[in-house]
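Per Swiss-Prot, the features are as follows:
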BINDING   131, 270, 358  Mg(2+) 1 binding site
BINDING   133, 214, 221  Mg(2+) 2 binding site
BINDING   209, 272, 273, 274, 340, 345, 353  ATP binding site
BINDING   265, 266, 322, 328, 340, 360  L-glutamate binding site
DOMAIN    14-99  domain 'GS beta-grasp'
DOMAIN    106-469  domain 'GS catalytic'
MOD_RES   398  O-AMP-tyrosine
């Protein structure tokens, strides 16, 4: 871990002008405050920086609004997008009275989950990798007032532009609906932009792997290595930040909404997970697909608590528009080797170090700290209570006959159902004080307000179906 004096030395050597203190709010959005370097000294690293917690939705009442941003010296990196030389430091949120971690700080929850894993004796390290898909549009317009509600998206890749007149002519090369996976340019119009994203991510300390066009028109995926422990090192937030910034630099707009377009594939965030102990993988063994019994129990915990986990892994009303059979969405709670129609997939790999579980139902609107911590707690509950996931489902689950299909449990069908499931099934989360009831209740209250707004707002489709009734 770098010391405050070492970071101050870096600031001087790199002629840094500003230090940007960042944290993640309850809705998984990045927040920041920028400090002039004249204010950055060893006292700042020891005492932190005060800020108004009341102005961050759902955190503190106005009569107790003071909170502390405590810089984490392990998270230092430079921001390549700012005009002035700026160093970024991720912060934990502390209570100024007790000096302890604030219980509603998501990053603190992830740290508690890691500590709980170590205390359990099951493992000492959890590795989490993620594949977060996204869309990039040329133009987006939306309105949500009482007398004008709707949205309009545009991208040269959209099939709706087949007959659009452009000044330079319509060149015609674009993906078809559900036909955009892996084409070369010119059908893939974003090759250079995605390469730029990976280049910037690498410069910011993220170990990158590959990128490609995804199934839907205007949909993309860039992959980074599985080297983060519960997202604590901020890699997922850096990833989303870079995607947004690079797209913006190209004159485009990126979104991690799970289902921005009806009738085409949505965006997921597949989360790869494995537990290690003493430098050895605990998920490798002699059971199904080369897994250990412990790994099967981990999967059993994920499946048992999936509906409660959905509140954290799929925390938007839009998340549940993605859960439709036929669009590669992992609706069914089953596990299988290589089978992408199962919600828990075992990627192929002969090396024991590669043995892992890929949970496919999360999406990129999730707060990574909460989502990763919740999945770990569910998996550990499965191991502790020996929850076997049952028989693997190696057939195409999308083609099962209705009678057989009804026997397989599913993810939640709405955010309301997910929040209700979380309210009823929370004991596995509060084990070891990782989550607490105040935090869970506050999260449910915050998200239920979104549900109510969504449910009470007339939808353009309702006009299409019912206006002439």
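Heads up, the Cβ atoms here are built off N, Cα and C, so glycines get one too.
Residues near residue 270 (Mg(2+) 1 binding site) in space but far in sequence (CB under 8 A, at least 6 apart, same chain), listed by position: 130, 131, 358, 359, 360, 362. Checking each of the binding-site residues (266, 274, 340) against residue 133 (Mg(2+) 2 binding site), the C-alpha distance stays within 10 Å for 266. Distance from the CA of residue 266 (L-glutamate binding site) to the CA of residue 340 (ATP binding site) is 15 Å.
Regional average pLDDT for the domain 'GS beta-grasp' (14-99) in the model is 90. For the domain 'GS beta-grasp' (14-99), DSSP puts the residue distribution at 18 helix, 35 strand, 33 coil.
Residues 131, 270, 358 make up the record's Mg(2+) 1 site, and a Cβ search at 8 Å around their centroid adds 129, 130, 268, 269, 271, 272, 345, 359, 360 from the same chain. Looking at 322, 340, 345, 360, the binding-site residues in this record, the fewest other C-beta atoms within 10 angstroms of the C-beta turn up around 340.
Of all the binding-site residues listed (131, 209, 214, 328, 358), 209 has the fewest other CB atoms within 10 A of its CB. Nearest in space to residue 353 (ATP binding site), taking C-alpha to C-alpha distance over the recorded positions 265, 328, 398, is 328.
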